[in-house]
Amino acid sequence: MMVVAALLSWFLLGLFIHYSKKFGWGQPIRQDGPQTHLAKEGTPTAGGVAFVLALLLVFVGLLAFGGIGQANLSREVMILLAALGMGVVGGIDDFLKIRSRKFGGKKELLAREKFPLQVLVALLFAGFAAPLASHQLLPGFMSIGGYPIFDMLFIAFVMVGSVNAFNFTDGLDGLLAGVGMIVLLPLVAVSPIAALMVAVLLGFLWFNAHPARVFMGDMGSHAIGAVAAGAYALYSDVWLLPIAAIIPVAAVLSVVIQVASVRLRKRKVFKMSPIQHHFELSGWPETHVTLRFWVVTGIATALTWWLMGGRP
């Protein structure tokens, strides 16, 4: 089914790119970013719609033909619903960006608008997931303080953090697709949703490799972050996710550090945040940043697999 998912993602993305160009669904580019990115102005965005749809269709097919065991069905449905919920939040942002480029008006969801929606989806997921999170939430601890409410809040925190961390990792051709696939690899044998996400990202990467013909947008990055958080929470030790996802963690931390430094010290720590753009402005070609970040993610994920004991 992974092959089917990859091919369906590839096919749907081809259609999406065609109609995006026809209707002018292009990505606006930050003028204060790397100058090499200005040529990307107008590249179709919100490609996450296509690969999330591919994931959903194949998952429904698996359900229809009994391809998902009853033991894991509730976990898989929870992860899927979290991915769709977060994807909708990101999709609203994508819609506003595309519409504003053509017609003006509101350019994006503000942080104070997006964050509460993310928290709502995360809390709904965590409320159902916490009782099923049978592995360690923190090293050596199956629970936090022995109170289920703390476990729920911690899982919700991880979900929101993951979604934003993966979102900040986007911005270079192929970067997030590759990082997302690698982070999910340890769980493909036990989580059909994780396996399908890896597969649909392969189909997406065909078009997103440098020079990218399509960007995933916030819908795609939000869905990837939700699947990563959900799968690690329900099938592994959730504290291992920040190790495997070292690049998304570095991306979100670089933004936090940059904002805090500018507000408190009136000085920047990085040439630009998230951190991938700092390396670009330091002279690294975009493709080098992407490939090296993939390598770092591969090493971190291998360490995660070892810490798992070679099992999810």
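Cβ atoms here come from the backbone N, Cα and C positions, even for glycine.
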Could you tell me which of the ranges 193-213, 214-234 is annotated in Swiss-Prot as transmembrane segment? 214-234
How about the transmembrane segment (289-309) and the transmembrane segment (48-68): do they have 3 or more C-beta pairs under 8 A, pairs 6 or more apart in sequence? no
Leading stretch by Cβ pairs under 8 Å, where the reference is the transmembrane segment (165-185) and the options are 1-21, 48-68, 76-96, 238-258: 238-258
Who are the long-range neighbours of the transmembrane segment (238-258) in its own chain, taking Cβ under 8 Å and residues 6 or more past its ends? 133, 135-139, 154-155, 158, 161-162, 164-166, 168-169, 179, 182-183, 186, 225, 228-229, 232, 268-270, 273-276, 278, 293, 296-297, 300-301, 303-304, 307-308
Residues of the parent chain within Cβ reach of the transmembrane segment (76-96), under 8 Å, 6 or more residues beyond its termini: 45-46, 48-49, 52, 55-56, 59, 68, 105-109, 114, 117-118, 121-122, 124-125, 128-129, 132, 159, 163, 167, 191-194, 197, 217-223, 225-227, 229-231, 234
Spatial neighbours of the transmembrane segment (1-21) far in sequence, C-beta under 8 Å, 6+ residues away: 44-47, 49-51, 53-55, 57-58, 61-62, 67, 188, 192, 195-196, 198-204, 206-207, 213-214
